[in-house]
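Shown next, in structure tokens, is the structure this report addresses.
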Protein chains: 2
Amino acid sequence: MAPTLALVGATGAVGTVMIDILNGRSTWPWGEVRLVASPRSAGKKITVRGQELTVQALAPEVFDGVDVAMFDVPDAVSAEWAPIAAARGAVAVDNSGAFRMDDDVPLVVPEVNRDKIAVRPRGIIANPNCTTLSMMAALGALHHEYGLRELVVASYQAASGAGQDGIDRLYAEAAAVAGKQVGERAGDVREALAAAGLSGDSPFPAPLAFNVVPWAGSLKEDGWASEELKVRNESRKILGIPDLKVSATCVRVPVVTTHSLAVHATFERPVTVAEAHKLFEAEPSVVLVDDPAAGRFPTPADVVGGDPTYVGRVRQALDFPNTLDFFVCGDNLRKGAALNTYEIAEALVS
Amino acid sequence: MAPTLALVGATGAVGTVMIDILNGRSTWPWGEVRLVASPRSAGKKITVRGQELTVQALAPEVFDGVDVAMFDVPDAVSAEWAPIAAARGAVAVDNSGAFRMDDDVPLVVPEVNRDKIAVRPRGIIANPNCTTLSMMAALGALHHEYGLRELVVASYQAASGAGQDGIDRLYAEAAAVAGKQVGERAGDVREALAAAGLSGDSPFPAPLAFNVVPWAGSLKEDGWASEELKVRNESRKILGIPDLKVSATCVRVPVVTTHSLAVHATFERPVTVAEAHKLFEAEPSVVLVDDPAAGRFPTPADVVGGDPTYVGRVRQALDFPNTLDFFVCGDNLRKGAALNTYEIAEALVS
């Protein structure tokens, strides 16, 4: 019998993208699909591959008979419910941060470490943070050939990394500020937001429209943001390099969806731009767009909505041996969240 | 007799900011001020410190009797006219890229290398590129104490770095796109721009509203953008470190004015966050805003329109010895252009 798939968090920002992915796949190993959400969303009808499904309220019984349960919910909900799903016999594939760094939970990017899905003592597999994920396919391809040693990363993270609230906030701010001259005096943007009744209650700690905000996540030791430590710790775990040197600075930018990263990566062996291009071209989940003479490089506006990671601006560092600088863009709701989760789910039953 | 100051390019984007700076200074060593521009702008009236001045057309005679001539004009205009001003006895302080890397032209940031203004064999002093300038005061303070060795930089550059055309373009794009759902499918932003008649003729090589564009300047060898090489070469010259290791990735963001940079800086000696804070606090042209627990870090919206460089997010790198990661914001039209040019001019007559 074809396996049963459950999607927990079917009505959230990532869940909505997951429905698109389910509808759009050319492969389909599943029999039944169950959509699950909070009691507030239960009863809602959503069409998946031509079938109208009714969203069920989260409860232990919904996992009975489920083979793979994908979780696109906040950390606390995953922490409570993924073990319940596993106890009922499902493999839980979790997109939250609840289990990522647990030693007995594999953290998987199928292109990079697909073999890790086989050993899952708790019945849980974790999906990486969206910022880390946006560069993993590209870095994994390079690491496999050249041995990654060091990583200095600066991010350009989209509003939707903060969920639907983040998207709504950026649109509201942009509408309040557009048409105003907001680039001349400190406080112009804040004034325009205040005039539109938008001075408080944002998922971001500063205005995002016509601004950039060097903060993502919560405060950890010594001034680091949780998102920056995730990039470090998750990259080490996924790539299997426990002593990988990493410095990340995470910055939110006024883009709705698609995270970008400026990557400075140092390897054990010399690597040329031509060799890197060849590896990127050979990796099906990476699209190489690197022809600045023709004005071609990846930008979020051209990447959003698709599955692949786009890579460009590949340069050999002039002063650092064995080092490449490049720029990468990935849809943070797709490969950065829903798509990678689904790819793990599909790998489990393939 | 009090010295005479000329401003060439008085009606451009940087020239307009320069007028604000002239009007706002608490010190004033000058007697006569002459405003100069292209013949097209000649005759225009501009008030400087209460006096209505008439803009004169650029011609050799306008430099007669001038002590310091500040140039805020394109490279080609500076290349032709700064030597003419120098030949007529003025010191030319040039904000273009025409002379910056010439061995017989000092490249000056007064906080860092003020002593270099004394030796100017051609009568020309160059003002650095705005991206480099945005981090120089902060880096200079650290370098003086700890010896800078390596620099990995990612920029978040404002539209006004491309002049008034860049500002106008970002406002036009934002107005065309605001209110539309542009973050779901690749091409949404381009479609919205096309619908508003904005599909071509931009100073940027891709849409900038709701997007980031990993390109600034022109294409140089091996895929590097001219702006990225300027950051490398100008940092080396200003700081007096000919073998400084530098990798920069320059990215345009939808901010009107104020460049930001994520800086990863490695020194000869260990430096703590507390020591760096102390140096930043002691540097009058730097404002330290570094209290993430209270949601305080520099953002362009809070920095634009002012003179100082703002620094925050100072962290000791976890895996790289003697290395700090930090975030810096500077108004690219003020300290990044007009203000630094004016500070050089004032230093020449002080």
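Glycine too: its Cβ is placed from the backbone N, Cα and C atoms.
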Per TrEMBL, member of A:N322, A:N332 binding NADP(+) alongside A:T11, A:G12, A:A13, A:V14, A:R40, A:S41, A:S160, A:G161: A:N332
Structural state census, the domain 'Semialdehyde dehydrogenase NAD-binding' (A:4-120) (DSSP three-state): 41 helix, 28 strand, 48 coil
Binding-site residues near chain B, Cβ-Cβ under 8 Å, from A:T11, A:A13, A:R252, A:N332: none
Rounded Cα-Cα span from A:C130 (active site, acyl-thioester intermediate) to A:A13 (NADP(+) binding site), Å: 13
Between A:S160 (NADP(+) binding site) and A:R100 (phosphate binding site): CA-CA distance (Å): 21
Maximum Cα-Cα separation in Å among residues A:T11, A:G12, A:A13, A:V14, A:R40, A:S41, A:S160, A:G161, A:N332, which the record lists as binding NADP(+): 26
Set of same-chain residues at least 6 away whose C-beta sits under 8 angstroms from A:Q157 (substrate binding site): A:T131, A:A216, A:E227, A:C250, A:V251, A:R252, A:V253, A:H259, A:S260, A:N332
Collapsed DSSP category at A:N332 (NADP(+) binding site): coil
Rounded Cα-Cα span from A:C130 (active site, acyl-thioester intermediate) to A:T11 (NADP(+) binding site), Å: 19
